[in-house]
Amino acid sequence: MSLIRADHVSLAYGRQTVLSDVSLAIEPGEIVTLVGPNGSGKSSLVKVLTGQIRPDAGQVRRKPELRLGYVPQKLAIDQSLPMTVLRFLNLPRRRDPEAIRRAAAETGIEGLEQRQVADLSGGQMQRVLLARALLVSPELLILDEPTQGLDQPGEAAFYRHLERLRDSLGCAVFMVSHDLHVVMSASDRVICLNHHVCCEGTPKVVRDAPEYRALFGQGTQGALALYQHDHDHHHHDHEHDHQGHDHA
Amino acid sequence: MLDDFLVRAGLAGIGVAVAAGPLGSFVVWRRMAYFGDATAHAAILGVALALIFSVPVTAGTLIVALAMATGVSWLATRGHAMDATLGVLSHAALAAGLVAISFVPGVRVDLSAFLFGDILAVGKSDIAVIWGGAALVTALIAWRWSPLLTATLSEDLAVASGIDPRRERLVLTLALAVVVAVALKVVGALLIAAMLIVPAAAARSLSRVPEAMAFWAVAIGALAALGGLAMSYLGDTPAGPSIVVVAAGMFLLTTLVRRR
């Protein structure tokens with residue numbers, strides 16, 4: 001049985017069509033990556049799946065009692081709200097301290113428990129949000145552009161981390177990628193969205209699909225770069241910008 | 001003991017601090033300062049209508065404040081440019097209330113009591129109303145504390161956890177109307193928003209978790225009420241404004257201590 005499925009979902013803001021007849025299903029344990037240009041409806045689709053937005057047509061069905069871990073795109077906490085990481089992890093429900101220790105170790109945020117959430121860096125915040133999502137022992141993790149703001153090695157490390165999580169927890173992962181051209185190779189399926197589902201399949205199938213090329217052809221000569229497992233050889237192809245470190 | 005007007009005033013002030021502290025924290029966290037203003041200003045209109053139709057002032061205030069809070073809350077969800085709209089509503093409610101009060105027949109109404117409060121004149125029944133309202137608001141917020149906090153933090157996260165942010169907003173709207181109705185007698189329509197915001201803002205510097213901020217907001221509000229009463233007694237200053245002045249002084253103090 002699918003963990004979650006959307007059947008013929010359509011959504012419009014006023015006269016602007018955001019989603020048009022979108023159907024998809026996520027099966028237990030699989031990693032699905034959603035790619036699409038800016039404004040293609042990716043975030044809206046996530047919000048429809050998590051129940052934040054009710055679609056105008058079609059329906060979303062969840063497995064009963066689905067344990068859903070949700071990692072939002074960003075979380076801006078007002079400075080006026082005092083909140084330690086530990087208190088945040090216990091919202092809205094108190095969690096078992098042992099479970100919190102495990103999630104903190106799993107996401108590498110040990111030692112941050114007493115820090116104020118508003119003072120965290122982008123990368124730390126991302127890991128705290130992931131830790132919070134893990135506390136529900138999720139069957140499905142939904143992540144909205146989780147690697148935004150990370151550099152390339154950071155992104156690669158995050159993808160490896162997700163893959164390990166999937167293997168150890170057995171949870172399915174549904175992830176929106178902000179980068180059209182870089183998709184984690186461990187994805188079982190890639191769904192390419194431009195208001196409607198224009199193509200889907202394994203990363204290689206999507207890479208070769210004419211619809212994908214038509215949409216994203218300009219960026220890397222149409223290539224869908226995949227993170228392979230030879231990460232040791234990965235350091236050559238990203239640019240370092242040393243300008244920022246110059247002292248006047 | 002309750003026969004002493006200063007004791008009654010102190011009890012009334014502490015009651016308002018208890019009701020305003022946790023709610024005021026949410027007002028600060030959610031940046032709803034103008035929301036509090038608009039609702040408090042609407043209280044004057046409630047007073048006018050209550051006097052015209054000969055119903056208890058607290059009931060009239062509660063109903064109009066509730067209508068205003070609901071209206072503003074509904075507008076906020078529409079996502080319009082809220083700043084100007086709230087400003088218009090807030091001042092229009094105040095002005096309309098002042099105009100309406102001039103139509104009240106019979107004895108001349110002591111307007112300044114409603115604008116600035118008349119804490120030294122609270123009677124035993126006023127104290128019962130204030131503490132009843134404070135108990136109601138505290139119970140309401142304590143009951144909804146976790147979902148309220150989650151929805152304040154992020155509506156996205158709240159929905160994903162099965163919380164309906166609209167319901168939590170309604171809780172705050174109700175609580176705000178009750179606080180406005182019970183605080184009117186103590187600090188007056190013009191300074192109710194101050195009792196919400198100033199103690200909570202002062203508590204921010206002392207707190208690392210939300211619960212601590214709500215607690216310190218109550219403590220600071222209560223201290224300010226007693227300090228303001230003392231100032232009023234010794235210096236013959238108006239009591240309501242004196243309370244707010246003391247609270248503002250404590251805000252300055254806690255902020256400076258934190259900066260050090």
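Glycine is treated like the rest: Cβ placed from N, Cα and C.
Predicted, not measured: the structure shown is a model, and the values here were computed from it.
The transmembrane segment annotation in TrEMBL covers B:6-29, B:41-68, B:88-107, B:127-145, B:174-202, B:214-233, B:239-257.
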Which of B:41-68, B:88-107, B:127-145, B:174-202 contacts the transmembrane segment (B:214-233) most, counting Cβ pairs under 8 Å: B:174-202
Highest-contact recorded stretch vs the transmembrane segment (B:127-145), from B:6-29, B:41-68, B:88-107, B:174-202, B:239-257, CB pairs under 8 Å: B:6-29
Intrachain neighbours beyond the transmembrane segment (B:41-68), with Cβ under 8 angstroms and 6 or more residues off its ends: 89-91, 93-94, 96-98, 100-101, 103-105, 109, 114-115, 129, 173-174, 176-178, 180-182, 184, 189-190, 192
Long-range neighbours of the transmembrane segment (B:239-257), counting only residues six or more past its ends (CB under 8 A): 9, 13, 116-120, 186-188, 191, 194-195, 198-199, 201-206, 220-221, 223-225, 227-229, 231-232
